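Taken from TrEMBL as is:
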- K66, K90, S344: substrate binding site (BINDING)
- K102: active site, proton donor (ACT_SITE)
- D142: site 'Important for catalysis' (SITE)
- T185, N216: NAD(+) binding site (BINDING)
Amino acid sequence: MNALAATNRNFRLAARLLGLDSKLEKSLLIPFREIKVECTIPKDDGTLATYVGFRIQHDNARGPMKGGIRYHPEVDPDEVNALAQLMTWKTAVADIPYGGAKGGIGCNPRDLSKSELERLTRVFTQKIHDLIGIHTDVPAPDMGTNAQTMAWILDEYSKFHGHSPAVVTGKPIDLGGSLGREAATGRGVVYATEALLSEYGKSIKGMSFVIQGFGNVGSWASRLIHEKGGKVILVSDITGAIKNPNGIDIPELLKHKEATGSLKSFSGGDSMDLNEVLVHECDVLIPCALGGVLNRENAADVKAKFIIEAANHPTDPEADEILSKKGVVILPDIYANAGGVTVSYFEWVQNIQGFMWDEEKVNTELKKYMTQAFHNIKNMCQTHDCSLRMGAFTLGVNRVARATILRGWEA
(Lines of atoms letter the chains of each structure in order from A and count residues from 1; the text may use other names and numbers.)
(Lines give C-alpha, C1' and ligand atoms only; values in the text may rest on other atoms or scores of the structure.)
Protein backbone atom coordinates (compact mmCIF):
# COMPACT_ATOMS: atom_id res chain seq x y z
CA MET A 1 0.00 0.00 0.00
CA ASN A 2 1.49 3.35 -0.99
CA ALA A 3 1.89 6.31 1.36
CA LEU A 4 -1.24 8.11 0.11
CA ALA A 5 -3.50 5.07 0.45
CA ALA A 6 -2.14 4.35 3.94
CA THR A 7 -2.53 7.95 5.09
CA ASN A 8 -6.07 8.15 3.70
CA ARG A 9 -6.92 4.87 5.42
CA ASN A 10 -5.62 6.09 8.77
CA PHE A 11 -7.48 9.37 8.32
CA ARG A 12 -10.75 7.56 7.54
CA LEU A 13 -10.39 5.27 10.57
CA ALA A 14 -9.73 8.31 12.77
CA ALA A 15 -12.70 10.18 11.28
CA ARG A 16 -14.89 7.17 12.03
CA LEU A 17 -13.68 6.93 15.64
CA LEU A 18 -14.36 10.66 16.08
CA GLY A 19 -17.76 10.42 14.38
CA LEU A 20 -16.97 13.22 11.91
CA ASP A 21 -19.63 14.46 9.52
CA SER A 22 -19.02 12.87 6.10
CA LYS A 23 -19.05 16.25 4.31
CA LEU A 24 -16.45 17.60 6.74
CA GLU A 25 -14.39 14.43 6.30
CA LYS A 26 -14.33 14.95 2.53
CA SER A 27 -13.48 18.63 2.90
CA LEU A 28 -10.54 17.85 5.21
CA LEU A 29 -9.03 15.41 2.69
CA ILE A 30 -9.04 17.71 -0.32
CA PRO A 31 -5.96 19.98 -0.52
CA PHE A 32 -6.50 23.74 -0.18
CA ARG A 33 -4.35 24.46 -3.26
CA GLU A 34 -2.12 22.60 -5.68
CA ILE A 35 0.51 24.59 -7.57
CA LYS A 36 2.47 23.38 -10.60
CA VAL A 37 5.03 25.59 -12.31
CA GLU A 38 7.47 25.37 -15.21
CA CYS A 39 11.07 26.17 -14.28
CA THR A 40 13.37 26.74 -17.25
CA ILE A 41 17.04 27.52 -16.60
CA PRO A 42 20.19 27.86 -18.69
CA LYS A 43 22.56 24.97 -17.90
CA ASP A 44 26.29 25.67 -17.46
CA ASP A 45 26.90 24.60 -21.08
CA GLY A 46 24.43 27.20 -22.37
CA THR A 47 21.59 24.81 -23.27
CA LEU A 48 18.15 25.28 -21.74
CA ALA A 49 16.58 22.74 -19.42
CA THR A 50 13.01 22.65 -18.12
CA TYR A 51 11.86 21.15 -14.84
CA VAL A 52 8.46 20.91 -13.20
CA GLY A 53 8.11 22.42 -9.74
CA PHE A 54 5.07 22.08 -7.53
CA ARG A 55 3.69 22.80 -4.09
CA ILE A 56 0.70 21.16 -2.49
CA GLN A 57 -0.87 23.24 0.27
CA HIS A 58 -3.16 20.93 2.15
CA ASP A 59 -4.80 22.82 5.00
CA ASN A 60 -4.49 26.16 6.80
CA ALA A 61 -7.23 26.00 9.42
CA ARG A 62 -4.74 26.06 12.33
CA GLY A 63 -2.16 28.43 10.84
CA PRO A 64 0.25 28.92 7.94
CA MET A 65 1.06 25.80 5.96
CA LYS A 66 4.38 24.11 6.63
CA GLY A 67 6.37 21.42 4.88
CA GLY A 68 9.50 20.42 3.02
CA ILE A 69 10.69 21.00 -0.52
CA ARG A 70 12.37 17.99 -2.13
CA TYR A 71 14.57 17.80 -5.22
CA HIS A 72 14.17 14.28 -6.50
CA PRO A 73 13.82 12.68 -9.96
CA GLU A 74 10.65 10.74 -9.10
CA VAL A 75 8.52 13.32 -7.47
CA ASP A 76 5.25 11.45 -7.43
CA PRO A 77 2.21 13.77 -7.01
CA ASP A 78 0.38 11.12 -4.97
CA GLU A 79 3.23 10.80 -2.49
CA VAL A 80 3.61 14.56 -2.16
CA ASN A 81 -0.13 14.81 -1.58
CA ALA A 82 0.15 12.21 1.19
CA LEU A 83 3.09 13.98 2.78
CA ALA A 84 1.31 17.37 2.69
CA GLN A 85 -1.69 15.80 4.37
CA LEU A 86 0.56 14.04 6.90
CA MET A 87 2.08 17.43 7.80
CA THR A 88 -1.40 18.75 8.61
CA TRP A 89 -1.97 15.98 11.15
CA LYS A 90 1.64 16.05 12.42
CA THR A 91 1.63 19.76 13.27
CA ALA A 92 -1.73 19.29 14.99
CA VAL A 93 -0.41 16.35 17.07
CA ALA A 94 2.61 18.43 18.15
CA ASP A 95 0.19 21.30 18.88
CA ILE A 96 2.08 23.87 16.85
CA PRO A 97 0.04 26.50 14.95
CA TYR A 98 0.55 25.26 11.41
CA GLY A 99 -1.19 23.40 8.63
CA GLY A 100 0.44 21.03 6.15
CA ALA A 101 2.17 21.47 2.79
CA LYS A 102 4.82 19.74 0.69
CA GLY A 103 6.53 20.44 -2.58
CA GLY A 104 9.51 19.98 -4.78
CA ILE A 105 11.10 19.93 -8.18
CA GLY A 106 11.41 16.85 -10.38
CA CYS A 107 15.16 16.84 -10.92
CA ASN A 108 18.20 14.85 -9.91
CA PRO A 109 20.27 17.23 -7.75
CA ARG A 110 23.35 15.00 -8.22
CA ASP A 111 23.33 15.77 -11.95
CA LEU A 112 23.24 19.56 -11.43
CA SER A 113 26.14 21.86 -10.56
CA LYS A 114 25.86 24.18 -7.58
CA SER A 115 25.21 27.18 -9.81
CA GLU A 116 22.53 25.26 -11.76
CA LEU A 117 20.83 24.32 -8.47
CA GLU A 118 20.93 27.95 -7.42
CA ARG A 119 19.38 29.15 -10.69
CA LEU A 120 16.70 26.46 -10.49
CA THR A 121 15.86 27.35 -6.87
CA ARG A 122 15.62 31.06 -7.71
CA VAL A 123 13.35 30.47 -10.73
CA PHE A 124 11.11 28.21 -8.64
CA THR A 125 10.94 30.88 -5.93
CA GLN A 126 10.05 33.56 -8.52
CA LYS A 127 7.16 31.40 -9.70
CA ILE A 128 5.69 30.74 -6.23
CA HIS A 129 6.76 33.80 -4.20
CA ASP A 130 3.24 35.22 -4.04
CA LEU A 131 1.83 31.88 -2.85
CA ILE A 132 4.25 31.31 0.04
CA GLY A 133 4.96 33.68 2.93
CA ILE A 134 5.54 34.07 6.66
CA HIS A 135 1.81 33.79 7.42
CA THR A 136 0.82 31.75 4.36
CA ASP A 137 3.18 28.84 3.73
CA VAL A 138 6.65 28.32 5.19
CA PRO A 139 8.89 25.84 3.29
CA ALA A 140 11.74 23.80 4.79
CA PRO A 141 14.46 21.43 3.50
CA ASP A 142 13.65 17.84 2.57
CA MET A 143 15.28 15.12 0.42
CA GLY A 144 17.89 16.65 -1.89
CA THR A 145 17.68 20.15 -0.36
CA ASN A 146 19.49 21.72 2.58
CA ALA A 147 20.22 24.97 4.45
CA GLN A 148 21.88 26.44 1.36
CA THR A 149 18.70 25.87 -0.70
CA MET A 150 16.71 27.70 2.00
CA ALA A 151 19.23 30.61 1.88
CA TRP A 152 18.62 31.00 -1.88
CA ILE A 153 14.83 30.90 -1.43
CA LEU A 154 15.07 33.49 1.37
CA ASP A 155 17.23 35.79 -0.78
CA GLU A 156 15.01 35.52 -3.85
CA TYR A 157 11.79 35.94 -1.81
CA SER A 158 13.27 38.99 -0.06
CA LYS A 159 13.84 40.72 -3.43
CA PHE A 160 10.05 40.85 -3.79
CA HIS A 161 8.94 41.23 -0.17
CA GLY A 162 11.81 42.82 1.77
CA HIS A 163 13.98 40.97 4.31
CA SER A 164 11.84 38.03 5.53
CA PRO A 165 13.89 35.46 7.45
CA ALA A 166 10.72 33.69 8.66
CA VAL A 167 9.62 32.68 5.14
CA VAL A 168 11.64 29.44 5.33
CA THR A 169 13.06 27.34 8.18
CA GLY A 170 16.12 25.10 8.28
CA LYS A 171 18.27 28.10 7.27
CA PRO A 172 21.99 28.49 7.98
CA ILE A 173 22.57 29.90 11.50
CA ASP A 174 24.13 33.06 9.98
CA LEU A 175 20.86 33.88 8.21
CA GLY A 176 18.53 33.35 11.16
CA GLY A 177 18.57 29.57 11.46
CA SER A 178 17.96 28.14 14.93
CA LEU A 179 20.52 26.45 17.13
CA GLY A 180 19.55 22.82 17.70
CA ARG A 181 17.71 22.52 14.38
CA GLU A 182 20.32 20.15 12.93
CA ALA A 183 19.80 17.60 15.71
CA ALA A 184 16.09 18.31 16.24
CA THR A 185 14.44 15.30 14.58
CA GLY A 186 16.87 12.82 16.16
CA ARG A 187 16.58 14.52 19.55
CA GLY A 188 12.78 14.53 19.27
CA VAL A 189 12.89 10.78 18.52
CA VAL A 190 14.86 10.26 21.75
CA TYR A 191 12.46 12.39 23.83
CA ALA A 192 9.54 10.45 22.32
CA THR A 193 11.27 7.15 23.16
CA GLU A 194 11.82 8.29 26.76
CA ALA A 195 8.16 9.27 27.10
CA LEU A 196 7.03 5.87 25.79
CA LEU A 197 9.45 3.81 27.87
CA SER A 198 8.62 5.64 31.10
CA GLU A 199 5.01 4.57 30.52
CA TYR A 200 6.32 0.98 30.95
CA GLY A 201 8.55 1.83 33.91
CA LYS A 202 11.67 1.61 31.76
CA SER A 203 14.31 4.08 30.61
CA ILE A 204 16.84 4.27 27.77
CA LYS A 205 19.69 3.24 30.08
CA GLY A 206 20.45 -0.46 29.69
CA MET A 207 18.00 -1.09 26.83
CA SER A 208 19.31 -2.48 23.51
CA PHE A 209 18.67 -0.54 20.30
CA VAL A 210 18.82 -1.32 16.58
CA ILE A 211 19.02 1.75 14.36
CA GLN A 212 18.29 1.37 10.64
CA GLY A 213 19.53 4.40 8.70
CA PHE A 214 22.51 6.49 9.75
CA GLY A 215 21.80 9.81 8.06
CA ASN A 216 20.95 12.97 9.98
CA VAL A 217 18.17 11.42 12.11
CA GLY A 218 19.77 8.02 12.71
CA SER A 219 23.18 9.40 13.64
CA TRP A 220 21.81 11.98 16.08
CA ALA A 221 19.43 9.46 17.67
CA SER A 222 22.32 6.96 18.05
CA ARG A 223 24.59 9.59 19.58
CA LEU A 224 22.00 10.74 22.13
CA ILE A 225 20.92 7.19 23.05
CA HIS A 226 24.60 6.31 23.55
CA GLU A 227 25.04 9.39 25.80
CA LYS A 228 22.02 8.37 27.88
CA GLY A 229 23.46 4.91 28.54
CA GLY A 230 21.42 2.99 25.96
CA LYS A 231 23.17 0.11 24.18
CA VAL A 232 23.17 0.59 20.41
CA ILE A 233 23.95 -2.98 19.28
CA LEU A 234 23.36 -2.57 15.54
CA VAL A 235 23.52 0.34 13.10
CA SER A 236 22.98 0.18 9.34
CA ASP A 237 22.76 2.39 6.27
CA ILE A 238 23.02 1.73 2.52
CA THR A 239 26.78 1.15 2.81
CA GLY A 240 26.44 -1.74 5.28
CA ALA A 241 25.50 -2.89 8.78
CA ILE A 242 27.66 -3.01 11.92
CA LYS A 243 26.78 -5.02 15.01
CA ASN A 244 28.34 -5.35 18.44
CA PRO A 245 26.31 -7.17 21.13
CA ASN A 246 28.14 -5.20 23.85
CA GLY A 247 27.15 -1.89 22.29
CA ILE A 248 28.79 0.09 19.50
CA ASP A 249 31.02 3.04 20.40
CA ILE A 250 28.92 5.62 18.56
CA PRO A 251 31.36 8.59 18.71
CA GLU A 252 34.03 6.33 17.14
CA LEU A 253 31.61 5.10 14.46
CA LEU A 254 30.69 8.72 13.63
CA LYS A 255 34.42 9.54 13.22
CA HIS A 256 34.84 6.47 11.00
CA LYS A 257 31.87 7.43 8.81
CA GLU A 258 33.10 11.03 8.60
CA ALA A 259 36.53 9.80 7.46
CA THR A 260 35.52 7.01 5.06
CA GLY A 261 31.96 7.94 4.07
CA SER A 262 30.81 4.43 4.92
CA LEU A 263 30.06 2.13 7.86
CA LYS A 264 32.06 -0.71 6.30
CA SER A 265 35.36 -1.89 7.82
CA PHE A 266 34.66 -0.26 11.20
CA SER A 267 36.90 -2.00 13.73
CA GLY A 268 34.50 -1.68 16.68
CA GLY A 269 31.99 -4.23 15.41
CA ASP A 270 31.26 -7.03 12.91
CA SER A 271 29.55 -6.43 9.61
CA MET A 272 26.33 -8.31 8.87
CA ASP A 273 23.70 -8.85 6.19
CA LEU A 274 21.50 -5.79 5.62
CA ASN A 275 18.42 -8.02 5.32
CA GLU A 276 18.85 -9.17 8.93
CA VAL A 277 18.80 -5.66 10.45
CA LEU A 278 15.07 -5.22 11.04
CA VAL A 279 14.57 -8.71 12.49
CA HIS A 280 17.59 -8.61 14.81
CA GLU A 281 17.07 -9.35 18.52
CA CYS A 282 16.69 -6.05 20.48
CA ASP A 283 14.43 -4.12 22.86
CA VAL A 284 13.85 -1.09 20.63
CA LEU A 285 13.95 -0.88 16.83
CA ILE A 286 14.24 2.58 15.24
CA PRO A 287 13.78 2.71 11.45
CA CYS A 288 15.25 6.08 10.33
CA ALA A 289 15.47 5.57 6.59
CA LEU A 290 12.86 4.87 3.93
CA GLY A 291 9.14 4.19 4.00
CA GLY A 292 7.62 0.71 3.73
CA VAL A 293 10.57 -1.20 5.22
CA LEU A 294 8.38 -3.21 7.61
CA ASN A 295 5.91 -5.20 5.53
CA ARG A 296 4.04 -8.49 5.54
CA GLU A 297 7.21 -10.35 4.44
CA ASN A 298 9.30 -9.50 7.50
CA ALA A 299 6.86 -8.29 10.19
CA ALA A 300 6.32 -11.73 11.72
CA ASP A 301 10.08 -12.09 12.32
CA VAL A 302 10.57 -8.75 14.12
CA LYS A 303 11.91 -9.42 17.62
CA ALA A 304 11.87 -5.88 19.03
CA LYS A 305 9.36 -5.04 21.78
CA PHE A 306 9.11 -1.38 20.78
CA ILE A 307 9.30 0.25 17.35
CA ILE A 308 9.92 3.99 17.11
CA GLU A 309 9.05 5.29 13.63
CA ALA A 310 11.72 7.93 12.97
CA ALA A 311 11.24 7.55 9.20
CA ASN A 312 8.04 8.59 7.42
CA HIS A 313 5.67 5.65 6.94
CA PRO A 314 8.18 2.82 7.64
CA THR A 315 5.42 0.35 8.65
CA ASP A 316 3.00 -0.95 6.05
CA PRO A 317 -0.62 -1.25 7.34
CA GLU A 318 -0.40 -5.05 6.92
CA ALA A 319 2.76 -5.13 9.03
CA ASP A 320 1.02 -2.89 11.53
CA GLU A 321 -1.65 -5.53 12.03
CA ILE A 322 0.83 -8.41 12.37
CA LEU A 323 2.99 -6.49 14.85
CA SER A 324 0.04 -5.36 16.97
CA LYS A 325 -1.15 -8.98 17.26
CA LYS A 326 2.34 -9.89 18.47
CA GLY A 327 2.09 -7.21 21.15
CA VAL A 328 4.80 -4.98 19.66
CA VAL A 329 4.28 -1.33 20.68
CA ILE A 330 4.65 1.06 17.73
CA LEU A 331 5.22 4.76 18.28
CA PRO A 332 3.84 6.34 15.06
CA ASP A 333 5.88 8.56 12.71
CA ILE A 334 3.31 11.36 12.87
CA TYR A 335 4.43 11.85 16.48
CA ALA A 336 7.88 10.25 16.75
CA ASN A 337 9.59 12.36 14.09
CA ALA A 338 7.79 15.64 14.86
CA GLY A 339 10.92 17.07 16.55
CA GLY A 340 12.08 18.56 13.26
CA VAL A 341 8.94 20.55 12.52
CA THR A 342 8.67 21.58 16.19
CA VAL A 343 12.13 23.19 16.14
CA SER A 344 11.27 24.68 12.72
CA TYR A 345 8.39 26.35 14.52
CA PHE A 346 10.84 27.64 17.18
CA GLU A 347 13.03 29.02 14.36
CA TRP A 348 10.03 30.82 12.83
CA VAL A 349 9.04 32.25 16.23
CA GLN A 350 12.61 33.52 16.83
CA ASN A 351 12.70 35.14 13.36
CA ILE A 352 9.34 36.89 13.89
CA GLN A 353 10.45 38.19 17.29
CA GLY A 354 13.91 39.07 15.99
CA PHE A 355 15.26 37.47 19.15
CA MET A 356 17.29 34.25 19.08
CA TRP A 357 17.36 31.56 21.78
CA ASP A 358 20.33 29.62 23.10
CA GLU A 359 20.49 25.91 22.35
CA GLU A 360 19.52 24.89 25.87
CA LYS A 361 16.21 26.76 25.57
CA VAL A 362 15.51 25.12 22.20
CA ASN A 363 16.09 21.64 23.64
CA THR A 364 14.10 22.32 26.84
CA GLU A 365 11.12 23.58 24.85
CA LEU A 366 11.37 20.63 22.44
CA LYS A 367 11.26 18.17 25.34
CA LYS A 368 8.22 19.97 26.76
CA TYR A 369 6.33 19.74 23.45
CA MET A 370 7.27 16.09 22.80
CA THR A 371 6.32 14.99 26.33
CA GLN A 372 3.03 16.89 26.34
CA ALA A 373 2.08 15.48 22.93
CA PHE A 374 2.71 11.94 24.18
CA HIS A 375 0.35 12.43 27.12
CA ASN A 376 -2.29 13.91 24.80
CA ILE A 377 -1.98 10.85 22.53
CA LYS A 378 -2.30 8.48 25.53
CA ASN A 379 -5.50 10.29 26.57
CA MET A 380 -6.94 9.78 23.08
CA CYS A 381 -5.96 6.08 23.24
CA GLN A 382 -7.90 5.73 26.48
CA THR A 383 -10.92 7.67 25.20
CA HIS A 384 -11.21 5.65 21.97
CA ASP A 385 -9.60 2.41 23.17
CA CYS A 386 -7.17 2.34 20.25
CA SER A 387 -3.51 1.93 19.25
CA LEU A 388 -0.94 4.72 19.60
CA ARG A 389 -1.17 5.32 15.83
CA MET A 390 -4.93 5.84 15.98
CA GLY A 391 -4.50 7.86 19.18
CA ALA A 392 -2.17 10.21 17.31
CA PHE A 393 -4.39 10.38 14.23
CA THR A 394 -7.57 11.04 16.22
CA LEU A 395 -5.72 13.76 18.19
CA GLY A 396 -4.47 15.47 15.02
CA VAL A 397 -7.63 15.11 12.97
CA ASN A 398 -9.82 16.24 15.86
CA ARG A 399 -7.79 19.43 16.37
CA VAL A 400 -7.96 20.32 12.66
CA ALA A 401 -11.68 19.47 12.48
CA ARG A 402 -12.44 21.64 15.52
CA ALA A 403 -10.49 24.59 14.08
CA THR A 404 -12.29 24.13 10.75
CA ILE A 405 -15.74 24.10 12.36
CA LEU A 406 -14.94 27.10 14.60
CA ARG A 407 -13.87 29.11 11.56
CA GLY A 408 -17.24 28.40 9.90
CA TRP A 409 -16.50 26.14 6.96
CA GLU A 410 -20.14 25.80 5.83
CA ALA A 411 -20.81 29.52 5.38
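Note that Cβ sites are derived from N, Cα and C of the backbone, with glycine treated the same way.
Residues K66, K90, S344 make up the record's substrate site, and a Cβ search at 8 Å around their centroid adds G67, M87, T91, A94, I96, Y98, G100, A140, A338, G340, V341, T342, Y345 from the same chain.
Residues K66, K90, S344 are recorded as binding substrate; their most distant pair of Cα atoms lies 13 Å apart. Checking the recorded positions (K66, K90, K102, T185, N216, S344) against D142 (site 'Important for catalysis') with a 10 Å Cα-Cα cut-off leaves K102. You'll find the Cα of the residue listed as 'active site, proton donor' roughly 7 Å from the Cα of K66 (substrate binding site). Within 10 Å of the Cβ of D142 (site 'Important for catalysis') there are 20 other Cβ atoms, across all protein chains. T185 (NAD(+) binding site) is surrounded by 24 other CB atoms, counting those within 10 A of its CB over all protein chains shown.
T185 (NAD(+) binding site) is 13 Å away from K90 (substrate binding site) when you measure Cα to Cα.
Residue environment of K102 (active site, proton donor) contains 29 other Cβ atoms, counted within 10 Å of its Cβ in all protein chains. The C-beta environment of S344 (substrate binding site), restricted to residues of the same chain at least 6 apart in sequence and closer than 8 Å, consists of K66, V138, A140, T169, G170, S178, R181, A184.
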